[in-house]
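Here Swiss-Prot flags 128 as active site, drawing on sequence analysis. For 75, 76, 77, 113, 114, the entry in Swiss-Prot reads substrate binding site.
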């Protein structure tokens with residue numbers, strides 16, 4: 001199981017010991033998209049969804065998702081997050097909504113999982129609030145776009161054209 005930090009020498013899952021690591025500023029940015037019917041997109045854009053302010057509720061859900069990541073992902077460390085910024089971008093061409101989340105902490109381990117969880121929970125909330133009018137929505141392209149800090153240094157995803 002060489003290279004997989006969540007397994008010990010015997011192949012058993014364990015939480016990685018980060019006690020000896022240096023505390024640094026950690027930042028992760030993740031992104032994802034939900035595609036939908038034009039009529040569903042219009043309801044969100046125009047603020048006319050039956051359940052209320054879809055993106056406002058999804059923003060709060062995404063923040064809560066980042067904060068609760070360690071409760072959902074068994075081997076994640078509980079972290080004291082210093083910032084969770086959630087942005088939704090309406091995309092007429094899809095039609096759909098992009099969710100971009102930046103998570104920050106000052107600690108011994110990264111916040112990539114918190115950023116990914118926040119994106120997923122935000123997009124799942126959009127789905128939940130609109131499923132009565134569009135059960136065919138698709139959540140797609142969820143990924144870490146950038147991470148900063150820590151021993152491994154900074155990393156940025158390269159967009160690969162079709």
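Using the three backbone atoms N, Cα and C, a Cβ is placed for every residue, glycine included.
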Largest C-alpha distance in Å for the substrate site residues 75, 76, 77, 113, 114, as a whole number, is 12
Given the substrate site 75, 76, 77, 113, 114, its other Cβ neighbours within 8 Å of the Cβ centroid, in chain order, are 69, 70, 73, 78, 79, 109
Across the recorded positions (114, 128), the Cβ with the fewest other Cβ atoms inside 10 Å is that of 128
In all the protein chains shown, the tally of other Cβ atoms within 10 Å of the Cβ of residue 76 (substrate binding site) is 19
Within 10 Å, the Cβ with the most other Cβ atoms among the binding-site residues 75, 113 is that of 113
Residue 128 (active site) sits from residue 114 (substrate binding site) (Cα to Cα, rounded, in Å) at a distance of 21
Check: min Cα-Cα distance from residue 128 (active site) over binding-site residues 75, 76, 77, 113 goes to 113
